[in-house]
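Undergrad: This is the structure, below, for whatever I ask next.
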Amino acid sequence: MASNHALRTSWSARIPPPGSDPPPAGGGGGKLSVTFGRRTHSGRYISYSRDDLDSELGSGDYSKEFLSYHVHVPPTPDNQPMDSTGAGKLDPSISARVEEQYVSNSLFTGGFNSVTRAQLMDKVIDSEASHPQMAGAKGSSCAVPGCDDKVMRDERGNDILPCECDYKICRDCFVEAVQIDGTCPGCKEPYKAMDVSEVVANAKKDDDLRRSQLSLPPPPGMSKMERRLSLMKSLNYARSLTRSQTGDFDHNRWLFETKGTYGYGNAIWPKENDGDGDEDGQPVELASKPWRPLTRKLKVAAAILSPYRLLIFIRMAILGLFLAWRIKHKNEDAIWLWGMSVVCEIWFAFSWLLDQLPKLCPINRATDLAVLKEKFEAPSPSNPTGKSDLPGIDVFVSTADPEKEPPLVTANTILSILAADYPVEKLSCYVSDDGGALLTFEAMAEAASFANIWVPFCRKHNIEPRNPDSYFNLKRDPYKNKVRSDFVKDRRRVKREYDEFKVRVNSLPDSIRRRSDAYHAREEIKAMKRQREAARDEAVEPVKIPKATWMADGTHWPGTWINQAPEHSRGDHAGIIQVMLKPPSDEPLLGGNDEANPLELTEFDIRLPLLVYVSREKRPGYDHNKKAGAMNALVRASAIMSNGPFILNLDCDHYVYNSQAMREGMCFMMDRGGDRISYVQFPQRFEGIDPSDRYANHNTVFFDVNMRALDGLQGPVYVGTGCLFRRIALYGFEPPRAKNHVSCFSSCFSGKRRLTTAAEETRALRMADEDEDDMMNLSTFPKKFGNSSFLVDSIPVAEFQGRPLADHPAVKNGRPPGALTIPRDLLDASTVAEAISVISCWYEDKTEWGNRVGWIYGSVTEDVVTGYRMHNRGWRSVYCVTKRDAFRGTAPINLTDRLHQVLRWATGSVEIFFSRNNALLASTKMKLLQRIAYLNVGIYPFTSLFLIVYCFLPALSLFSGQFIVQTLNVTFLAYLLGITLTLCSLAVLEIKWSGIELEEWWRNEQFWLIGGTSAHLAAVLQGLLKVIAGIEISFTLTSKSAGDDEDDDFADLYIVKWTSLMIPPITIMMVNAIAIAVGISRTIYSTVPQWSKLLGGVFFSFWVLAHLYPFAKGLMGRRGKTPTIIFVWSGLIAITISLLWVAINPPSGNSQIGGSFTFP
């Protein structure tokens, strides 16, 4: 078929680690073999093939654990070699485009000890796919009898027909017809164009709207790796090794060298002696050009920050004096009460210090998108056409369970990504389905189909937000600021299409089930028929065959079946990759007056970004490491398929709310010094939260106070979603110029400085904990990254493409302007097959993945650990708060779900504390206050032990008639007043510089106590069990689905789902409520009332109950539905217990119930 012209199939194949069973042998002599093919509609498998990419590791002699070998497929009747001369010869670029067409229409499956197959998909959904980039897009079938392949198509999806009679013929049949007699099978007339390249060229001339241009062919003899690195290597490389004053390689001199060229077709800079530059060989215009930064640091006003810092130190002094006074003045009457309270107060002071000290240096940041556009997308001498010079971004979306994470929510997230305002050819989206569900697969296919109309609509009318569900549910006027006359008409049409899209997605579970039942019944009938024919007159038993899940094209789904079976269950299925939307063309593709498209798009680009569905292989006996393992699989697969130097990861329920969010993040990465930034963290914003935010779901104190404060240190922590990563930082490399941070733990560049020990394109890549002699030693990479030469080859490319633009002498470690304007490589079969290999379950064995490379394993909060490792290597991070929220998502508003979410976070913190990721063990590359912040992350759950005790102290005080101090004297009250006033003043100032509201601060305080007395306590116990007894912790996925009441957006808020986490807060509330009644009764009935002790105990009991009020409100369910008798019985029980306590333990000096109290 498309790639049969090269029968020498050559692609890297992996051998399992020693000790595991080898792959099945094929051929004689037990020789390992790999079958790689695609399945046609008729059921036959056709081998794909392609010349292998030349690899710099291809000739290396590595350990026996990692071997590369080639598989040569012999000619067969279905797989005949093409003549290298004559009419069958193909232009390489045309051949690659044709092969990409077949690759994008194939479902790739494979894994450990299994064959990698590419199954050609006639359709991926029941509805018709219309966009030319989409898998299974509409296309005519070949008219040659016995052939069922598709005819060639151009970028718009139109048929390419080589004869004027418009006889429909596929590429293979056309080549065969030319080789036989050169006549058309339809009209029997000779073909005017005798090769595929000429046919495609003629089709391009007939298309008036086509504006794309073929890229120049690569120089002969260059490998694919060399073509990628040609941007970094000069033809006169040795002569360009000039040095700056610091001794580092001078990128600017290298950039403006006299004879070097970058890429193909770019401008050549003038020679040094032409008089156009300064004495250093740099153009005068550039040397004198003022630097225009992409970002600005906005400091907090001194009028707010100075008093804030002063109050912190004042409160520290007051706390110190108070604790010293408390230790010195014991309560001899209740020494046990005094001791518990003092221990708790010392811990609270320590915990407050850990939380407050990292807040000393809060800052704000701003970006300049106009400068970004001018630098990277405006015409310049190095980029005459003004094509985008921005680096690529790979967006990761993770989902695991379509029941708890509705496919419609995930589909809307995908649509918001595809419609983002970023160069289409530089954007790729990867969807990780860790459940391997056909429901998710077909929902993503439906989303890709709907993107054909949604994405151009967003571009045409500048729609915000670009999540269709959120956009059509906006409460504001949708027609405001819309100037195009056809907006109303277009919006109604798109709204109608979206309503139909929702119906299709929501009906997918039923349609898949009905389809599978129909195919299963057909298979049973066929099996019974065959059995009867074989048995003839003998009695036959009923036929039982596994009930499979069937795809839309009538084949078995290779992932998880609805009725799970061996090799088709959640933890046991093959790896799957489907290119839903193939890579877009390099040039804009304007829409036409197509009747199938209801919108007028003749002036707008209709291209869509690359969209890939990935479900990694899972097998019993392997630890798949949950979300972290899925993310690492995406890192490897994306490195092979698109290799964007930056990675944006989003949860399936977090969509792009600001279409320019990626550009905002790129401002930090591409600014001066941006090469030392490992990730840009965006704040999490949530929708669907109840107006009062009962359980502090918005978490604004953390995202707007703590994270802004950390941004003034080494950077914010990674919070799991809405984060733009630098790919090489995920690979475990140290930041450039890491030698500037010398310490006893420094792993690189100690001693004297040497000129160069590695090629310039790999100079900035240094693994942590490596010696200088071993840095960027490619022969050691298979042991770190696995034995995929494709993956290893992509590392230096990603590092180079992620560098800032060297457009000014002040920029260090930059890349030349215009270097990223060339087209990226087309997808081919061996590339996708390699991606299948790297998502297999055994690939990470005996590598650094999950240990030092990628997302880190070993904690349920893998996000915090991953960010910690980067900061520990010396990387910085940045907090990007945009004027319009960058991303929005959902959060659990149900009390039980919220507590379980907090439990998962707290348990991860406990795991961090008891692991080598404890901040006490951090390297000296981490700043002191940053270390304190990470230490607080691991310690804060332990505060629950002291908080539980302190919440019971008021009740114990009321029950016993004692207090934590001997008497409520002026000194104690003065200290208490000072601590309270400084706390309130700090809160007010935090509100001032962070922009949060007082109510949000108070909700956070309330839920701190609710979580501390429930989820945090359970997390400490679970963490201790794991450390001491080795009991593993399992968590259920947080549900993203809404409540059953569709008329109420906050139905989940009122659902009471019992959990054992509720026991401690309920106990605290009941004990304190009863203690107040007991204390009042005791004081009234006492001969000598102790009013001071009563007031102290009641005050602190009310303090506890006020914090637990949202919890109590959640237990009551929906407002107005709680029976009145509940409150009556609660009051009666409290009064009865208080009277019983007084009877059992009457006031001193009186043995009667009621004491000296008499009614008037």
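Going from the start of the chain as shown, residues are counted 1 onward.
Positions of Cβ are set from backbone N, Cα and C atoms, glycine also.
Under the heading active site, TrEMBL lists ASP434, ASP863. Look at TrEMBL and you will find SER398, LYS404, GLU405, ASP434, LYS626 tagged as UDP-alpha-D-glucose binding site. TrEMBL lists LYS627, ASP651 with the feature Mn(2+) binding site. Annotated compositional bias 'Pro residues' per TrEMBL: 15-25, in sequence order. The region 'Disordered' annotation in TrEMBL covers 1-36.
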Undergrad: Pull out the recorded positions from the set ASP434, ASP651, ASP863 whose C-alpha sits within 10 Å of the C-alpha of LYS626 (UDP-alpha-D-glucose binding site).
TA: ASP434
Undergrad: I'm trying to understand the geometry here, so how far is the Cα atom of ASP651 (Mn(2+) binding site) from the Cα atom of ASP863 (active site), in Å to the nearest whole number?
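TA: Their Cα atoms are separated by 12 Å.
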Undergrad: When a 10 Å sphere is centred on the Cβ of ASP863 (active site), how many other Cβ atoms does it contain?
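TA: Excluding its own Cβ, ASP863 (active site) sees 24 Cβ atoms within 10 Å.
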Undergrad: Hey, of SER398, LYS627, ASP863, which of those recorded positions are within 10 Å of ASP434 (active site), Cα to Cα?
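TA: The recorded positions passing the 10 Å Cα test are SER398, LYS627.
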Undergrad: Provide the number of Cβ atoms within 10 Å of the Cβ of LYS404 (UDP-alpha-D-glucose binding site), excluding the reference atom itself.
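TA: I count 14 other Cβ atoms within 10 Å of it.
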Undergrad: Around the C-beta of SER398 (UDP-alpha-D-glucose binding site), how many further C-beta atoms are within 10 angstroms, looking at every protein chain?
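TA: Here the count is 22.
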Undergrad: How many whole Å apart are the CA atoms of LYS627 (Mn(2+) binding site) and SER398 (UDP-alpha-D-glucose binding site)?
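TA: One finds 8 Å between the Cα atoms of these residues.
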Undergrad: Ten-angstrom check, please: count other Cβ atoms within 10 Å of the Cβ of ASP434 (active site), all chains counted.
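TA: If we count other Cβ atoms within 10 Å of ASP434 (active site), we arrive at 23.
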Undergrad: What is the separation, in Å, between the Cα atoms of GLU405 (UDP-alpha-D-glucose binding site) and ASP863 (active site)?
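TA: ASP863 (active site) has its Cα 20 Å from the Cα of GLU405 (UDP-alpha-D-glucose binding site).
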Undergrad: Please compare the binding-site residues LYS626, LYS627 by how many other CB atoms fall within 10 Å of each one's CB, and tell me which has the fewest.
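TA: The binding-site residues LYS626, LYS627 were compared, and LYS626 has the fewest Cβ atoms within 10 Å.
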Undergrad: When you look at SER398, LYS404, GLU405, ASP434, LYS626, which the record names as binding UDP-alpha-D-glucose, what is the longest CA to CA distance in angstrom?
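TA: Value for the max Cα separation, rounded to a whole number: 16 Å.
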Undergrad: How long is the line from the C-alpha of SER398 (UDP-alpha-D-glucose binding site) to the C-alpha of ASP863 (active site), rounded to the nearest angstrom?
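TA: With distance taken Cα to Cα, ASP863 (active site) is 14 Å from SER398 (UDP-alpha-D-glucose binding site).
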